[in-house]
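Heads up: the structure comes next, in structure tokens.
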Amino acid sequence: MSELILTSENFDASVLQADKPVLVDFWAPWCGPCKVMSPIVEELAGEMEGILIGKVNVDEHGDIAQKFNILSIPTFIVFKGGQVVEQFSGSMSKDQLRAKLLGHL
Amino acid sequence: MEIENVVIIGSGPAGYTAAIYAARADMKPLLFEGQRLGGQPGGQLMLTTEVENFPGFPEGLMGPEMMEKFKKQAERFETRIVSEDVTEVDFASRPFKIKAGEQEYLAKSVIICTGAQAMWLGIPGEQEYQGHGVSACATCDGFFFRDKEILVIGGGDSALEEANFLSRFAKKVSIVHRREELRGSKIMQERAGKNPKIEFIWNTEVREVLGDGTSMSGVRVFNNKTNEEGELKADGMFVAIGHKPNTSVFKGWIDLDEKGYILTKPDSTETSIEGVFAGGDVADHKYRQAITAAGTGCMAALDAERWLADQE
């Protein structure tokens, strides 16, 4: 699967009502560590089965960031059945992120 | 196993400059970009805002953007970049051994440019509220503190820079410093002093980050002049109290000073082990600038090139 581009319009349907777990990457173009993580997240989206992976540009969709009380980016939230099941911030390696996601499959 | 001419560890201005010079000297450098050990790939500039003092960029540019340019330039000359942390080295015999990920690499020479990273206060609540008010990156997170009250801890240039940047968003920025005067440069002090949103809280040490479990609400402080304890209300806290070198991997192999910085020979980038060189902040607690890091990174590549030529 390729990475989902999440917006204020499609967030509910694509994330909260999804039938699989979803990883959401909250990012912005001015954030250095986000730029480090973006290609990693995109690669995992292409490689992993059983989980949807998407990103929210907080600059364009501040309402979503606000709703989930994002105070730092990059922040990653794993949703399952419309609920937040894990949230973490900062950069990490591809293997570390993959391991975290495997725990939710 | 192939033996590399030169392995460069680190991906800040020093590492990439060393790579550009080494690659152009046909040394085919292998560069470890790192992941988490040294902070983040790209180094400290990945967490900074506007860089206004790097010559050649009269309009200034953002730190992350600058590091993208450094990386591109290194890639243009075919530096091979590996996105792994170096977790172990063995400098006991040549070729040197470098372990990263699951793999071991061999190298005739090594250039260490692992830099330094920002220190934390190490107080209760600090880790717990990271991402919930406590931040390591003003550039990344300033945006979320629109019309909020925030604290910047520290008294040097980076504290003043962060405070100025954050004042674009915040309602009020308080610089909390444990002394009565600043260490920062004149121009930064004046800028902060004139900024109506910035205030200074002197002689004050932060002892604990307070909150309700989900977000931070303030800090417990101690005034070291009056010996009084108190609380400051705040929605966010940015820590800028200095740096520590990323040298834990090299401890025991090469000589470090008492603060952990790599010792290099006078007028050179040679370390205490022949064939191992160091450039950038990892060997410099004095200047710590992007331009000086690039300068000593260049020196390290030239030193390595000459040393390798002498070996043959």
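For all residues, glycine too, the Cβ spot is worked out from N, Cα and C.
Under DSSP, A:C31 (active site, nucleophile) is assigned to coil, being neither helix nor strand in the three-state scheme. Around A:C31 (active site, nucleophile), the C-beta neighbours below 8 angstroms that are at least 6 residues distant in the chain are A:I73, A:P74. Marked as active site, nucleophile by TrEMBL: A:C31 (among others).
A:C34 (active site, nucleophile) is surrounded by 25 other CB atoms, counting those within 10 A of its CB over all protein chains shown. Per TrEMBL, active site, nucleophile is recorded for A:C34 (among others).
If you look up TrEMBL, you'll see A:C31-A:C34 marked as disulfide bond.
Per TrEMBL, domain 'Thioredoxin' is recorded for A:1-105.
Residues or ranges marked as site 'Deprotonates C-terminal active site Cys' by TrEMBL: A:D25. In this structure, A:D25 (site 'Deprotonates C-terminal active site Cys') is part of a beta strand by DSSP.
The Cβ of A:G32 (site 'Contributes to redox potential value') has 28 neighbouring Cβ atoms from other residues within 10 Å, across all protein chains displayed. Positions annotated as site 'Contributes to redox potential value' by TrEMBL: A:G32 (among others).
Look at TrEMBL and you will find A:P33 (among others) tagged as site 'Contributes to redox potential value'.
Across the domain 'Thioredoxin' (A:1-105), DSSP classifies residues as 37 helix, 28 strand, 40 coil. Summed and averaged per residue, pLDDT over the domain 'Thioredoxin' (A:1-105) gives 93. Among the recorded positions A:G32, A:P33, A:C34, the ones whose Cα sits within 10 Å of the Cα of A:D25 (site 'Deprotonates C-terminal active site Cys') are A:C34.
Counting only residues at least six positions away in the same chain, the Cβ atoms of A:I73, A:P74, A:G90, A:S91 sit under 8 Å from the Cβ of A:P33 (site 'Contributes to redox potential value'). Contact annotation for chain B: of the listed recorded positions (A:D25, A:P33, A:C34), A:P33, A:C34 place their CB atoms under 8 A from a CB atom of that chain.
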